[in-house]
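Each remark here refers to the structure printed beneath this line.
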Amino acid sequence: MSIVVKNNIHWVGQRDWEVRDFHGTEYKTLRGSSYNSYLIREEKNVLIDTVDHKFSREFVQNLRNEIDLADIDYIVINHAEEDHAGALTELMAQIPDTPIYCTANAIDSINGHHHHPEWNFNVVKTGDTLDIGNGKQLIFVETPMLHWPDSMMTYLTGDAVLFSNDAFGQHYCDEHLFNDEVDQTELFEQCQRYYANILTPFSRLVTPKITEILGFNLPVDMIATSHGVVWRDNPTQIVELYLKWAADYQEDRITIFYDTMSNNTRMMADAIAQGIAETDPRVAVKIFNVARSDKNEILTNVFRSKGVLVGTSTMNNVMMPKIAGLVEEMTGLRFRNKRASAFGSHGWSGGAVDRLSTRLQDAGFEMSLSLKAKWRPDQDALELCREHGREIARQWALAPLPQSTVNKVVKEETSATTTADLGPRMQCSVCQWIYDPAKGEPMQDVAPGTPWSEVPDNFLCPECSLGKDVFEELASEAK
């Protein structure tokens, strides 16, 4: 089934609702994807790109329903990767002499995948044109390393449509083709996820290339991407976002991610987050256990953040494998304008945190002090973690801290007598979580100021879910 894009331009691509892994397992496509191919019918008929190789036969069959394959005058390949040019072998078996227009680097890539050097390749460079009749031309723009050396974009005059290749796309599958027809929150999330995980390493190239394209002073009524939606409603909004994201992007956000063997590093992460939130309530703090989280969501949050705290237990004197792998991906993504700190628990040796700090520095992060805890952190160690979070919040603040948090220590000291009147704090003997009467436990409707004696009998420890009977008076407060 084809979809009219504009005038004589039809979408003849393929939706892929089922795909969940892209580039091996490097990118999780939780909302599927699409492989966008476009058929232009003017005096000359032009096919722009094909689809992923696994849909080759379906693609050629569907294309034959749209047009006699022999009537295709030109094939344009903006990118030789298999999700763009994968159906070429199946198609060229039917029309072997059809001219293929692509960059010089694309010929190498296409031959590397399809092994047909006899195909009728025609090399194009930035500014080259191809007349397709009815007063319209294709204008080619090379975009090397966005995100392969062979990449280019193609602009159709008259209709003012930019076929943008991977740029401005998203791995997002929907029955609707146009940006104004889909859920805007989902669309924005997938656009940012796509940029953060795929195009971030090339941010230094994005701005000059967009500036070069804008310098042609060509109107852009639509941007037809290789994946996801076609931008027809205010199409340059995504261009503006790319310029913003390419400029060492950061929000007032801190991402904490960790892996843990015995829950100890998780306890540290929670306490650090508490310290950050106490000191700078404006900052968004996001916490992820890498063993239970989508790594591309973690990386998207790192992209958005001003800084990242990475935690690992020590195993065989090195960091946990999932942490090592994710930090390696962060190195490849080449994040800029971000700070980092390493933390973690250990037993008889603590080599992981030092190795992690070195790896983060090698990845281009501006490093802050690291933090270590031996075995399961007790109340004193957790307070050190909270203080570490407070110091991180102060060092990484993008603006002067709110006066209310600056004065918080003084207020806490003046309220010490009142807190003491509420009775002792109680500690879970299993996981060491502490109930503070002054704070209560809002998640279980236990209001601040509730003494332990008035806490309902059905109360459960928020950390290990055991009941009140495992709690003991905090040793430092026992009489």
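From the backbone N, Cα and C atoms, a Cβ is placed for every residue, glycine too.
Looking only at the region 'Zinc metallo-hydrolase' (30-210), the predicted model's pLDDT averages out at 97. Marked as region 'Zinc metallo-hydrolase' by Swiss-Prot: 30-210.
Positions annotated as Fe cation 1 binding site by Swiss-Prot, on the basis of sequence analysis: His79, Glu81, His147, Asp166. Cβ neighbours within 10 Å of Asp166 (Fe cation 1 binding site), excluding its own Cβ and spanning all shown chains: 23. DSSP assigns Asp166 (Fe cation 1 binding site) to coil in the three-state reduction, outside any helix or strand.
Residues or ranges marked as Fe cation 2 binding site by Swiss-Prot on the basis of sequence analysis: Asp83, Asp166, His227. Long-range Cβ proximity for Asp83 (Fe cation 2 binding site), meaning a same-chain Cβ under 8 A and a gap of 6 or more residues, is found for Phe22, Ser33, Tyr35, Val51, Asp52, His53, Ser226, His227.
As annotated by Swiss-Prot, domain 'Flavodoxin-like' applies to 254-393, with the evidence given as sequence analysis. Note: the domain 'Flavodoxin-like' (254-393) comprises 66 helix, 36 strand, 38 coil (DSSP; helix = H, G, I, strand = E, B).
Cβ neighbour count for Ala352 (FMN binding site): 27 (other Cβ atoms within 10 Å of its Cβ, all protein chains included). As annotated by Swiss-Prot, FMN binding site applies to 260-264, 342-369, with the evidence given as sequence analysis.
According to Swiss-Prot, the feature domain 'Rubredoxin-like' maps to 423-474.
Annotated Fe cation 3 binding site per Swiss-Prot: Cys428, Cys431, Cys461, Cys464, in sequence order, evidence recorded as sequence analysis. Sequence-distant neighbours of Cys431 (Fe cation 3 binding site) (same chain, 6+ apart, CB under 8 A from its CB) are Asn263, Met267, Cys461, Glu463, Cys464.
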Checklist entry - By CA distance, which of the binding-site residues (His79, Glu81, His147, Asp166, Cys428) lies nearest to Thr260 (FMN binding site)? => result Cys428
Checklist entry - Out of Gly347, Ser357, Asp362, which of these binding-site residues is nearest His79 (Fe cation 1 binding site) by C-alpha distance? => result Asp362
Checklist outcome for this item: For the binding-site residues His79, His147, the largest set of other C-beta atoms within 10 Å encircles the C-beta of His79
Next on the checklist: On a C-alpha basis, identify the one among His147, Asp166, Gly347, Ser357, Met367 that is nearest to Cys428 (Fe cation 3 binding site); the candidates are the binding-site residues.
Outcome noted: Gly347
Checklist entry - Three states by DSSP: which one describes Asp83 (Fe cation 2 binding site)? => result helix
Next on the checklist: Test of understanding: give the count of other CB atoms lying within 10 angstroms of the CB of Met367 (FMN binding site).
Outcome noted: 13
Checklist entry - Which numbers of helix, strand and coil residues does DSSP report for the domain 'Rubredoxin-like' (423-474)? => result 9 helix, 12 strand, 31 coil
